[in-house]
Amino acid sequence: MSVASLLRLASVTTSKRSAPARYGGALLIAGCAIALKLAFYWLLGDDAPFILYFPAVVAGAWFGGLDGGLVVTAACSAFVWYFYFIPHRSFSPPPLHNTVQLGTFIASSVMCSLLAENLHRARRLAARSAERLRIAQDHSLDGFVTLWAVRDAPGRIVDFRWEYVNPAAAKMLERASESLLGKGLLHTLPGDSAKHELFERCARVVETGEPVDVELPWGEADRRRWFRIMIVKLHDGIAVHFSDITGRKRADEERAALFASERRARAQAEEANRLKDEFLATISHELRTPLNAILGWSHLLQARSAAAEAAEQRARGLAAIERNARCQARLIEDILDVSRIITGKVRLERQLVDLDAVIGAAVESLRPAADAKGVALELAVAARGARVFGDATRLQQVCWNLVSNAIKFTPAGGVVGVSIAQRGADLHVEVSDTGQGIRPEFLPFVFDRFSQADSSTTRRHGGLGLGLAIVRHLVELHGGSVSARSEGEGKGATFDVALPVAGPAQLERHGLVQARDGEGGADVARASPGALERPLDGLRVLVVDDEADAGEIAVAMLRELGVEPRVARSAEEALRALVEFRPDILVSDLGMPFEDGFSLMRKVRALPPDAGGGIPAVAVTAYARSEDRQRALAAGFQAYLAKPISAADLADVVSNLAVQLSSGPAGWRPLAP
């Protein structure tokens, strides 16, 4: 029986009886005791006058509390005093020994009545507490149950029996209280591991008396819930208080997942910040190194006299300046390419491309660097004439990056091999070397931006760690793939680029192949090889550039071609020169103060043809994006050059425009003399 049941049974106390009932009952008990005394007078005599009245006092106190006990005590004392003490039938003072007997009886009876009253009071308090507990448990939002231990013959706990289940517990357990009461714990709960774990913990509480506070999962995996369970001992049983913490657990799991995600994001941010710092340090070093050579040689060339021994040093200095300037230009171009890749602004000028010609040109451009380092550069073409549909300049950039990378990491006496072969529907370009190879742990990251196997200040090879990232992106834009393999450090590396072969539909659609340079180079229709050799003597070229150094460089390059150049520092000055100088070709910078090259070209094209409105024009700018080129061509320029320009690019563009001038297409006629 549960504690609550016992307390409810004990709640029937004297407080529920009226005063007449308590007094009447006490008098009835006293009368019965007197009657028994008279009935057994022949046996007891006068020797034990109070022997039957002590039980009567106890019964009266139990029935009527303090009042009932006192009534029985008074009635019995009066009866004995009147009928038994000498003188009989009188309330005169009795002899001393009778007085002692009477006093002892009265004192004992009063004490017994007080104890009975205290017992009744305690029972009333316990009953009220039990009632409050019952109401609280019945209306509690948490589950509360009591279970009693079931033991086998040796005394081991083999199960627990449900004794009390409050409504909240029944709801959480998804069982009716009546279906649990009196039954065993192990036979009424689902599951195996969780049920037996709970049983073991309950048995341990009964054996040790130490309470347990634990969180346990409950139910099948798809309906699992979490409970926080407090188990305390009750004699040979337990009281279990539990609450559903599934929501809190899920919140904890979500919070833990968010925390883990935040830690990963923070680690990624810290890694990105570290890479940024390394990149900034690397780019600072890589940009300052060529600048140091350029500035140093410039200072020496200005300070040296024109002595004979200075001529050779001047030549070396000029070569160093050109070499380092080209190095810096390539670094800047790599950074711009990565920026375009990140923002998704890389555009391909797709056409049918003879891949062997593109790869061959890239290899030949790097042969001097390989020879200077003592590295053998070999080219093997097994698929001549095979074409891909792509951007020739970008494909050449892919090959240039891979081959230059191989040369950089191959020591003197090593070999760099380039091969082209068709396998199935793909053309494969393999670049292999006998250089330092790639560590296995670094191989998965070799195509990541800013990723370098050695980023320390003592590294032997320069670079920003951008070349291979650019290669991967450009190859993927062409619908191909690139992979790297290496057997480890000191065993060389091989890079394999796979590009889809141009299909019949593309070959038919592009039967007339247009040769167009990629982004960052010249963009003109090509003339025949014979026409390009036509002399340019007497051709007039107007150069428009607000920067004096840039204008002077362009003029010097044009003079080497035999043309007659002139410089205008602004759009306004250029419009005057069209009338005064009467040029055949216009070369204009796009970015100028007050009025840019676009505005100048709009004004030029608004002129009548005989006033220069049809003059061929070349746009020159530091803005090397595809959209900048398209905007320039749409504005009326026939060709486009991205800074820094080379003498070869400028000669190529001017020569082609000169050929078109000689063929006399409508609107491209030179000004009349």
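Every residue, even glycine, has its Cβ placed from backbone N, Cα and C.
Where the annotation comes from TrEMBL, it is an automatic prediction and has not been curated.
The annotation domain 'Histidine kinase' is assigned in TrEMBL to 282-503.
Looking only at the domain 'Response regulatory' (540-658), the predicted model's pLDDT averages out at 86. Per TrEMBL, domain 'Response regulatory' is recorded for 540-658.
In the structure as shown, the Cβ atom of Asp589 (4-aspartylphosphate) sits within 10 Å of 22 other Cβ atoms. Look at TrEMBL and you will find Asp589 tagged as 4-aspartylphosphate.
TrEMBL lists 25-44 (among others) with the feature transmembrane segment.
Residues annotated as transmembrane segment in TrEMBL: 51-84 (among others).
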Assigned conformation of Asp589 (4-aspartylphosphate) - DSSP reduced to three states: strand
Secondary structure tally of the domain 'Response regulatory' (540-658) (DSSP, helix then strand then coil): 57 helix, 24 strand, 38 coil
